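A.B. asks: Here it is, the structure, as structure tokens.
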Amino acid sequence: MEEKRRKYSISSDNSDTTDGHVTSTSASRCSKLPSSTKSGWPRQNEKKPSEVFRTDLITAMKIPDSYQLSPDDYYILADPWRQEWEKGVQVPAGAEAIPEPVVRLLPPLKGPPTQMSPDSPTLGEGAHPDWPGGSRYDLDEIDAYWLELLNSELKEMEKPELDELTLERVLEELETLCHQNMAQAIETQEGLGIEYDEDVVCDVCRSPEGEDGNEMVFCDKCNVCVHQACYGILKVPTGSWLCRTCALGVQPKCLLCPKRGGALKPTRSGTKWVHVSCALWIPEVSIGCPEKMEPITKISHIPASRWALSCSLCKECTGTCIQCSMPSCITAFHVTCAFDRGLEMRTILADNDEVKFKSLCQEHSDGGPRSEPTSEPVEPSQAVEDLEKVTLRKQRLQQLEENFYELVEPAEVAERLDLAEALVDFIYQYWKLKRRANANQPLLTPKTDEVDNLAQQEQDVLYRRLKLFTHLRQDLERVRNLCYMVTRRERTKHTICKLQEQIFHLQMKLIEQDLCREPSGRRSKGKKNDSKRKGREGPKGSSPEKKEKVKAGPESVLGQLGLSTSFPIDGTFFNSWLAQSVQITAEDMAMSEWSLNSGHREDPAPGLLSEELLQDEETLLSFMRDPSLRPGDPARKARGRTRLPAKKKPSPLQDGPSARTTPDKQPKKAWAQDGKGTQGPPMRKPPRRTSSHLPSSPAAGDCPVPATLESPPPLASEILDKTAPMASDLNVQVPGPTVSPKPLGRLRPPREMKVSRKSPGARSDAGTGLPSAVAERPKVSLHFDTEADGYFSDEEMSDSEVEAEDSGVQRASREAGAEEVVRMGVLAS
């Protein structure tokens, strides 16, 4: 099977290999390595260089991409190819210069016999198989040198030699037995005797008695004595025991008193320490877990007044103090100071299993006050006794350390390890000398399993607390992100709502402007047409196309006005007096094209109503000036109400024959009616219709719209002649009667029409000599301009040609009376 080769992708960018390399690669794959080296060695032998570079090895490693190999036979080089790799691999010039290693086989090592007598067991038989694992002790240079000396002496004595493993194992066993026996000696009366002293009391409850299940335990480092229940020791360890501060190697100061040392427990934070006795006697402080008597909690519940108390015994304000339990005594003192001074500190068990603490000051302790001189000599004696006890303990400990070898028996070690006692005695003497040279310090560190466990527990607590804080921080970060996302969402919603509100206000503003703005450019010149043709074709304008347009008219007009098709026009728009004087039929609306889509109208609804109301008022005014008609004539009312269709633009279906007259002729008609010296061609009188052609109910004005939709438009010829709109410019030249009419599009008059209405009246007053009432007529229409922008003055109104010929002279005599009637009508409206 071929060896795995490294596959390299050959390209012109990262390699200089050519097709020649490919052929050499394929050839090198078929050839073996020795055959490839034969061609190179003769040249090397000729030149005899010290080193050579072989390039065939790198060439043999590269294969082209097109070469068919299984994926297990090559590797893909992921690094970019370097040009210096083409130089080759440095190899020695002569293979004969390479030194050849010399290897020889050694016989298997047999364990030397260690028995001193023929019947003693050998080391290989009983010692090595039973030793568990390796040894904790490692030989140093001194041990190795001593072992050589020992083996030389044993060889001279014709005794078996001692190996290194046996020496290490014996030294470890000696150290283990010495540590165990010394710990046992410290715990017994032989070592110190302080545990069995009658004066030893619990550091928490100050009781010298122990019970079954509540033994008194001593710390092996600080020698503090506590009960199991008082310090929260769930199980008494078999070996040594250390308090929490000694296990952590710290010497903290109590948070509630100035004393250092003693039975301390940490707070919840783990950074501050409090005496268990202080936590029990100060009423505000509590203990989290009574079984373990930790952690100390509710430190913050201590009032400031207690922190401000000064101890009467040590004269310090450090920490917090308790006060005498007598009602009239306020003496303050620290808990530990009271214990050290021997004050009366009682623990009372109530009937409900409640523990009560009662403390008394120096004055109330033992039933009476203590004199200062008697208390002063007592203090030095107690201090001396304590010092003597400590000194005695240290002396005994030092003596035990100096006589360490007395705690170990060589025979016991030989029996444990199943070795010869004489050999173990040699090692025992060497161990004793080496340990004395080390200042009686052990050669091996003792197995402090309990200390390690306590430290590990503390580390585990700190690690769990750190992990808890980490998770808490992560949770807070998630909460912050959620709050930020909610805030951003609400801001976005607020922005969108505000934007929609602004859009709504802008739309309403535009709608209000469209409703209140006067349409500009709506009034234009109407189409010119003969009055006779309009009179003949006006009543016949109801073609089938117009009827279809009449049906669709109301819906389109109401839809363009923003109203539904079921909107009650008669009850909403026609309740006022001005609206009742105008009859709006569906046919008129359809034929006059109230189109909102035309480019000239921006404001359909105000233009529709205001212009029609204005036209109705002007029509009424013209009727008042006409002497041939009476105010009570129903024909005049009907004609006044039916002037609306003449104001509209011709529908697209109406051609030239039905086109209305152009507004250019209307100023001439107005001058013909009002002025006496007006010159113009005589107009023919069209046939006049009677009141029989009017709608059936002309006087009401509040009839519903469907009734007017079915009735045909009355007096079309006369209405078209009388109500044709005037142009804004009154100085337009009027063509002769021979000129053919031109159909022109109508435009609404702009807002400036209000100002232009007054000028024709002024000119007529100055040029023709009319009464002042005629000149004041535009003022009447100006009153309507503030409310309805589509009102016109009297000069813009036109009457039929017959009225211009018959009542031209009589009109001037009735101007003053007509003015007063119009004013009364305006006030009534």
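Note that Cβ sites are derived from N, Cα and C of the backbone, with glycine treated the same way.
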A.B. asks: Swiss-Prot tags one of LYS32, LYS155, LYS648 as N6-acetyllysine; which one?
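C.D. replies: Per Swiss-Prot, N6-acetyllysine applies to LYS32.
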A.B. asks: Which one of SER117, SER543 gets the tag phosphoserine in Swiss-Prot?
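C.D. replies: Of the listed residues, Swiss-Prot records phosphoserine for SER117.
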A.B. asks: Out of LYS38, LYS493, LYS647, LYS754, which residue gets the N6-acetyllysine annotation in Swiss-Prot?
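C.D. replies: That would be LYS38, per the N6-acetyllysine annotation in Swiss-Prot.
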A.B. asks: So which of LYS298, LYS389, LYS498 shows up as N6-acetyllysine in Swiss-Prot?
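C.D. replies: Comparing LYS298, LYS389, LYS498 with the record, Swiss-Prot tags LYS298 as N6-acetyllysine.
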